[in-house]
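Trainee: Quick paste from TrEMBL:
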- 25-44: transmembrane segment (TRANSMEM)
- 50-72: transmembrane segment (TRANSMEM)
- 84-105: transmembrane segment (TRANSMEM)
- 111-133: transmembrane segment (TRANSMEM)
- 145-165: transmembrane segment (TRANSMEM)
- 171-193: transmembrane segment (TRANSMEM)
Amino acid sequence: MNVSFRPTFYRIIKKKSVEEFKPDPYIATVLNCAFWVFYGLPFVHPHSVLVVTINSVGLVFEFVYLTIFYIYATNKGRRKVMLFLGLEAVFFAAVALITLLVLHGTHKRSLVVGVLCDIFNIMMYVSPLTIMAKVIKTKSVEYMPFWLSLTNFLNGVCWTIYALIHPFDIYVLVSNGIGALSGLIQLILYACYCSCNNGEKNGDGDDTVSTTVAKGNIELV
C-alpha cells in the first residue's frame with residue numbers, strides 16, 4: 001500500500017506545497033504498521049514473519065513520506081503531524097509495556113494486540129475517506145489519489161486471502177475484509193466523480209469551440 005503514495009508526494013515535491021492533501025492516511029498508517037510489527041513478533045504471535053517484514057518496510061516508507069509532508073506543509077500542518085506522532089509514540093510505548101509486563105503467554109498477548117491492530121488497521125483503511133466529503137462537495141477527485149484507493153482495495157483483498165489460507169488468523173481477516181470494502185467504496189466514488197469531471201471538461205470544450213465559431217462568424221460579417 002505504501003508505494004501508492006508516491007505520485008502524491010512527487011506532486012508535493014514538484015509544487016513545493018502539500019496543497020489540500022491531508023496527512024491523516026500517513027499518520028494512521030504509521031501506528032498501524034507499528035502495531036502489526038509488534039503483533040508479529042515471536043513473543044506476541046509466533047510464526048508471523050511475513051507480517052513483521054512487510055509492515056517493517058511499510059513503516060520506513062511512512063516515515064519518509066511524513067518527512068516530505070512536514071518539509072512542505074504549513075506551520076499548522078507541521079504542528080498537526082508532530083502532535084499526532086507524539087501521541088502515537090506514547091500510546092504505542094504504553095501498550096507495549098503493558099503487554100510485556102502484565103500479559104503472560106502468547107494467547108493473551110495475541111488477543112489484546114490483535115484487537116488493537118484491527119482497530120488501527122480499520123482507521124488506516126478508512127482514513128482516506130476523510131476526503132470523501134470534499135470530493136462530493138467539489139465533485140472533483142483531484143485530492144483523492146486513484147492509486148491510493150486501488151492499492152487500498154488490493155491490499156485488503158490480499159491480506160484477507162492470506163488470513164484464510166495461512167493458519168487462520170481472525171485478526172488479520174476482520175480488519176482487512178473491512179479494508180477491502182473501504183477500498184471498493186473509494187473506487188466507486190472515484191469512478192462516479194471522475195466520469196463527471198470528464199463530462200464537464202468535454203462540455204466546456206464544446207462550449208469553447210461553439211463560442212469561438214460564433215465569434216468568427218460575427219467577425220466575418
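Cβ atoms here come from the backbone N, Cα and C positions, even for glycine.
Explain the structural surroundings of these features, please.
Mentor: Residues 23, 27, 30-31, 34-35, 38, 43-44, 66, 112-113, 116 of the same chain sit 6 or more residues outside the transmembrane segment (84-105) yet have a Cβ under 8 Å from a Cβ within it.
Listed as Cβ neighbours of the transmembrane segment (171-193) (distance under 8 Å, sequence separation of 6 or more from its ends, same chain) are residues 39, 51, 110, 114-115, 117-119, 121-122, 124-126, 128-129, 132, 135-136, 139-141, 144, 146, 148-157, 159-160, 162-164.
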